[in-house]
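Engineer: One structure is given below, represented as structure tokens, and several questions about it will come after.
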Amino acid sequence: MDRAGRLGTGLRGLCVAALVLVCAGQGGRREDGGPACYGGFDLYFILDKSGSVLHHWNEIYYFVEQLAHRFISPQLRMSFIVFSTRGTTLMKLTEDREQIRQGLEELQKVLPGGDTYMHEGFERASEQIYYENSQGYRTASVIIALTDGELHEDLFFYSEREANRSRDLGAIVYCVGVKDFNETQLARIADSKDHVFPVNDGFQALQGIIHSILKKSCIEILAAEPSTICAGESFQVVVRGNGFRHARNVDRVLCSFKINDSVTLNEKPFAVEDTYLLCPAPILKEVGMKAALQVSMNDGLSFISSSVIITTTHCSDGSILAIALLILFLLLALALLWWFWPLCCTVIIKEVPPPPVEESEEEDDDGLPKKKWPTVDASYYGGRGVGGIKRMEVRWGEKGSTEEGAKLEKAKNARVKMPEQEYEFPEPRNLNNNMRRPSSPRKWYSPIKGKLDALWVLLRKGYDRVSVMRPQPGDTGRCINFTRVKNSQPAKYPLNNSYHSSSPPPAPIYTPPPPAPHCPPPAPSAPTPPIPSPPSTLPPPPQAPPPNRAPPPSRPPPRPSV
């Protein structure tokens, strides 16, 4: 593999480990309130113990101690490596917290001295990464290298070569430069310039970059949704966490499922965001199978582990629910048919009696208060006897009288007493103890209750209207049936439009019978008187409506004599 290829692979591996560190800083909080990382990966500290840091070793130790306590995942492993003229592994890779505590004690006892051979420290880290990969773990690795000086040209070449070798094994490399460092050299040793943390204010400022390292290097898996799936069905899983877009190339991010600690299946996610991944999951055919969720940031070269487990369970299909809904729908349809069928089939005509008119004693028909009318002494009109002997008063507008009655002309000496008030208002009702009923305060739900009451009245009115139309027991009727009858002969247009279907048919036209045969008249036995000549003018016919039709004559009309 060429140098560029090894560099790219190593950078991807280091990115994965660094992202895990960032997740630790973002994913949770420690008991003391500081940021923490729950990512599961291998963390290597490569520390410069050359003579230039002789008087600043305590600052370096406290920096490592504080940073180590931020990674609290039980699946995280840690190693301490120091370098000067040669590299030394103070503590091998371990997840045992007691051994980590002892390793920190050994680190505190280190006496700095010697030259700055950074490549020696990278060699010790690459050896452990290679050994762990050969064991089949393939865990993501993060390397944090700290130095305070500028490397000579040949030492820089060796350091860059060993850093590329670590990247080829799947590690992500971060560099911390203190005071007199060469930032260009550290940018080439680390994955990129963004993976370099400069501390220009000296060793006492190391505590200020702990949060930045956690934020940039931690990738953690917090949860999976759903965590329980149906056996034998395909599904998609949403991986919740932090730092998923911290990879150098998001196209190389993979979701990994380790099934029953034996088979590992990798799937490319549909969506990659900083706080979640949307991944297709493999089909788990048996009930009780478990799949441990992992994430790879370098196309499967190494993986960030987690404690998130996806389990399978037995699920029933939705056919039972569909059948139940279908039965419920059929029952509802039958109920509606039973209710509305008599309305469509049985025709019952009833005359609904008019509603009784309630006479209000307090108000008129138009809803206005009862009007007070003038009191007239009817004795002057002749009421109660001749001449109005007995006194009688009449209030206009009461007991059959109308307002127009008040406009009648009164007698000259009639006495009229006008009321003090024109309208008579109803008095408020009192309780049994002669106390008025207090008005109830308006509640917050009064508008809602009013609208619901109005809706209920509307529904009730519609129900009563339909209920009245339904036939009662004992009612008889006939089902409506529409039949279309085809006529073989087309209808003829009437000859005379003056006759309608409601008038009787016209009378047939009368035809007189043929005249009788001509016979000679017999000889006259006596002279006949002369026939008077008809008058020149005829009297007008009587003014009477013409008959509808004339009856036919019983005999032929006489012929005029010559």
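Numbers run from 1 along the shown chain.
Keep in mind that glycine also has a Cβ here, set from the backbone N, Cα and C atoms.
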Engineer: Given that Swiss-Prot annotates Ser50, Ser52 as binding divalent metal cation, state which candidate in Thr89, Thr94, Thr116 belongs to that site as well.
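Structural biologist: Only hit among Thr89, Thr94, Thr116 in Swiss-Prot's divalent metal cation site, alongside Ser50, Ser52: Thr116.
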Engineer: Cys37 has a disulfide partner in Swiss-Prot; which of Cys175, Cys218, Cys230 is it?
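Structural biologist: If we follow Swiss-Prot, the cysteine bonded to Cys37 turns out to be Cys218.
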Engineer: According to Swiss-Prot, which residue among Ser360, Ser401, Ser536 is annotated as phosphoserine?
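Structural biologist: When Swiss-Prot is consulted, phosphoserine appears for Ser360.
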Engineer: According to Swiss-Prot, one residue in Asn164, Asn481 is annotated as N-linked glycosylation site; name it.
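Structural biologist: Among Asn164, Asn481, the residue Swiss-Prot annotates as N-linked glycosylation site is Asn164.
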Engineer: Rounded to the nearest angstrom, how far is the Cα of Ser52 (divalent metal cation binding site) from the Cα of Cys37 (disulfide bond)?
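Structural biologist: Roughly 32 Å, rounded to the nearest whole number.
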Engineer: If one measures from the C-alpha of Ser52 (divalent metal cation binding site) to the C-alpha of Cys218 (disulfide bond), what distance in angstrom results, rounded to a whole number?
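Structural biologist: On Cα coordinates alone, these residues lie 30 Å apart.
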Engineer: Using DSSP reduced to three states, classify Cys218 (disulfide bond) as helix, strand or coil.
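Structural biologist: Its secondary structure by DSSP: coil.
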